[in-house]
Each structure stands twice: as C-alpha cells, then as structure tokens.
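If you check TrEMBL, you get these features:
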| type | residues | note |
| --- | --- | --- |
| BINDING | His142, Asp175, Asp236 | Zn(2+) 2 binding site |
| ACT_SITE | Asp144 | active site |
| BINDING | Asp175, Glu210, His482 | Zn(2+) 1 binding site |
| ACT_SITE | Glu209 | active site, proton acceptor |
| DOMAIN | 258-404 | domain 'Peptidase M20 dimerisation' |
Amino acid sequence: MTERSAKLNILKFVKIVSFSLLLVILAFFVAATVRTLTFDVNAGLQLAHWEKTNNIASDISQHQREELLANFRDAIRIPTVSTTETQLNTTALREFDGLLRKAFPTVFSSHLVQHEVVANYSHLFWVPGSDLALVPYMLLAHIDVVPAEESDGWEAPPFSAKEIDGFIYGRGTIDNKQSVMGILQALEYLLIRGYSPRRGFFIGLGHDEEVSGFQGAMNIVRVLKKKGVQLAFVLDEGLAVLDGVISGLQGPAALIGISEKGLATVKLSVSKAPGHSSMPPSESSIGILAGAVKRLEENPMPRLFGEGPERGTFEHLAHKFRFPLKFVMSNMWLFSPLLGRVMERRPDTNAFVRTTTAVTMFNSGVKVNILPSQAEAYVNLRIHSTQSLQEVLELIQSTVGDERVKMELVDGFDPLPVSSYDETSFGFQIIKKTVLDQFPQVTVAPGICIGNTDSRHYTDLAKDIYRFAPTWFRPGDAQRFHGINERISKKNYEELVVFYFNLIQNCDIKDLPSPHSAGHEL
C-alpha cells in the first residue's frame, strides 16, 4: 500500500467516525428536545374523577380566626425546650398538656376520640373510622423546640409570640408547633361540625424529637405495636412550600419528603505521651488529628446526584423551568453529572449531591505549656440515600489513612426507605391533591429531607412515610429554622389549619381514581 493510499484510508476513517459521532450527538439532541417538549410527570391524577367525599367546607369565621391565633400564640409562649436527652423542660411540657386540654375541649371530650399520654409528656390520639376495612393513617408532629436566646439577635423575644408585620415570631412557629396546633385545631373544628371519619386515623405528638425521640416517638410506636396497628401512611414534618427559593423555577413548589438522609456521628481521637512544650515532638496529637480532619474536608464523599430519589424532584419540576434549565431538568438521564457539579458549589444544594461531612467539635489541651496526650474531634455526616452507614465508615477510614487516628462510631443509622410517590401511592396522592386544591398555583414534587424527624421510628408500622407541612418558605426563611427570628405569618398558620381540615376528609375515600381520566372533581 502506498503512503498516499494509506493517508486516504485514514482520512476516510476519520470522516466516518466524525459523521457517526455527529449522528449520535444529533440523535441525543433530538431525543432530549422531544422529551423536553413533552415531559410532565405531574399530570397524574390531577385530571382524574375523584370519589366524592362530601367535604365539610373549611370556612373560618372571624371569631375562629381570632381563637386559632390566640391558641397558637399561647403554644409558642410555653418554652418546651429540649437541650439533651436528659435535659427537657418538664415543667413547660406539663404546662403544654394543660394548654392542649384548654384549647381543644371537644377533642378531649368527644366520644369519637380516644386519647392517652405516653411517656409522661407525649400524646397519642385515635379517631376510629366507620369503615373498619380501610387501613388507618397517622399524623405526626412534635411539641419540643430547640433552645433560643433573645441575645442571639432576635427581633422579638423567642417565646413572646410577638406579632411584627403580620408574622408571629417565636421558637416553634415553623418547627413544629404550627403542625401540633394546626392538626388539633382542624380536628376540633371538624368535630364541632359533626364530622365522623370513614377512615380511622392516629395523631402522635412527641415531646423529645429535637433530641432523637427516644422517649416520645419510640414509646408511641411501642404502644401501637402492642395494638397490632399497621398504617396506610404516615405524615410528619419535613419539607415545605418553597416560593422563590429554587432558582429558575416558575412559581412555588411544594416538596413532599419521601425519605430522609441517614446519620453518622464519628469520634476521631489521637493519643500520645504528654510532655513539656519546650521539647515538642515532630508531630503532636493535635497536629496528627488536624491532618486527618483536613483530609476529610479536602476529600468529600462521592458525588451521587441523580443516583437517588432526588432525581425525581427535578423531573417533577422540569416543566416549570424556563429554557435552557427546562432542557437540562427534563433530561436528568443526560445532565445529572453536570448538574451535580454545579450544585456542589453551594452548601445548601451540596447537601443533595452527596453524603455531607461536617467537623463540629475539636477538643484538646489543658494548659499552654503542656503537650496534650489526647486530641478528639467529632464529625457529623448526613448520608446520601444511595449509601449505607457501613460504606461511609469505610470511606472515612480510608480517607483518614492513619493508624494513629482511632475512629469510633458514636451514633448512626442508614438512610430511611424511599416511600412511593407514583399514581398508585395513596398517601402521596392524597397529600398532593389537598395541596393543589388549596394552592392551585403550586407545583408538587417529591423531595429528600436532609434532617431527621420522629417519623424514622415508624418504619415498622408503615411502608410509606411522608414529611411535609404547607409552611411557606421564601428566600432567607430556611435560615430561621433552628436559627434566629423563626416566624410564620398569621395567614400561613390559618392555611395550615385548613390544610389538615381538608386532608383528614380527603383520606375518607376508599380508593384512588384511575389516572388521566377527564373531569377533575372533588
């Protein structure tokens, strides 16, 4: 073969490869474009013919509006603070018990409602349904709150329930007394209007969720297990309605939590012989441990965006983005790696990309001229849905890569199971319907809770656990959660009462309708 013919063959081969590559790219582009123009996984049951439930209208009179706000303010003023598992404000918890009985006399006196106090301060309510064939569901909320001090920079005392510009300020307004009071207020009004449920339901109010719920929620679960209870679904706190929070999204989005990240608290420690600071070794216990911590921070856990249920969040919201984001969100099969790289640049969105690593405590030394024998650091990790606790521990060990650093698991658990959210998912669709009937401008999507709730203790009782309350979060509001100036608008709290009022009634249907049929109807 001549040199000229060899060059021609190579050129021909390059042209064929280039043309083939161009065809592949074109095919991908056409497929992605078609998907973008037609993709809307939200349609589902929105147009379905829903079984009539003859709902009682959720009309709130002016007197009731004043009453529900007064009850809510009274709840915020009681400092039901949980500091540690052994440091609970039991005086405030007893006071809160009295408030509930005073604020909701019909709930506590109705022959339809069975009530018991669990573990001294938690509450369990059972409202039997008229149709015993229908599996009951459960609504959860928690009474306790995290500590708060006015000196931290609050605009109003954190337990004053002071109103500023239409907002009620105070610890617990969005975590989680708005649900505690909203659920019971809704039930109170339903009972007053003669409501009797077709599908039975439980209400569980834990008193120590902020310190893991080992007394409240876990004992409520034990009570239910003894009764042989199984639940159609559980609804707890978790995600919210985000308005203007997701960049590029047109309109607000209600994210219903379908899972929670796992948790690991790991203690790293280094031990060396103590000594005088005038004769330091080449490496101190502090230096060795600091190096290990630095390696953990410089080598984050693997990027896993798109491999877990967080992909469903963006696919449900895709049709509400403008181009070019709409093109990206509609084709997560193609753009997940790219989107993951963008999201990991910000702490708030990085939490959805991977297992996060946070060094939260570092302790060592007793005197400036003594070389410490012991150095300790605590690392808190929130585990991505596609990883396990064991996998994370092994990655920490390999990243630290130093036998002198001892690793100890203080506490931890795997990510929670992912609840269903398709068109056959009773709980998800009922919650979604209730949201859309009340807020038709909202887009509903599944989401992942990056924090943990009492609902994690209920996995033996229900296959489907959802985490949502229609609390509206606008830019900056997420920082109020466990932060300063926690608040909720008076209008939003009333909306919460109406939401639970309607949700309870919507659960009375026997079956979900067939999807995609015509004629949306209550």
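Cβ coordinates come from backbone N, Cα and C, glycine included.
Here the structure is a predicted model, which means the values were calculated and not measured.
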Secondary structure tally of the domain 'Peptidase M20 dimerisation' (258-404) (DSSP, helix then strand then coil)
58 helix, 37 strand, 52 coil
Using the Cβ center of His142, Asp175, Asp236 as the Zn(2+) 2 site position, which other residues in that chain lie within 8 Å, going by their Cβ?
Leu140, Ala141, Asn176, Ser179, Gly206, Glu209, Glu237, Gly238, Thr453, Asp454
Densest Cβ neighbourhood among His142, His482 (binding-site residues), 10 Å radius:
His142
Environment of Asp175, Glu210, His482, the listed Zn(2+) 1 site - residues of the same chain whose CB lies within 8 A of the CB centroid
Val145, Val146, Asn176, Phe481
CA pair the residue listed as 'active site' / Asp236 (Zn(2+) 2 binding site), Å rounded to integer, equals 14
May I ask which of the recorded positions Glu209, Glu210, His482 is closest to Asp236 (Zn(2+) 2 binding site) if we compare their C-alpha atoms?
Glu209
Please compute the mean pLDDT of the model over the domain 'Peptidase M20 dimerisation' (258-404).
94
Nearest of the recorded positions (His142, Asp175, Glu209) to His482 (Zn(2+) 1 binding site) - Cα to Cα
Asp175
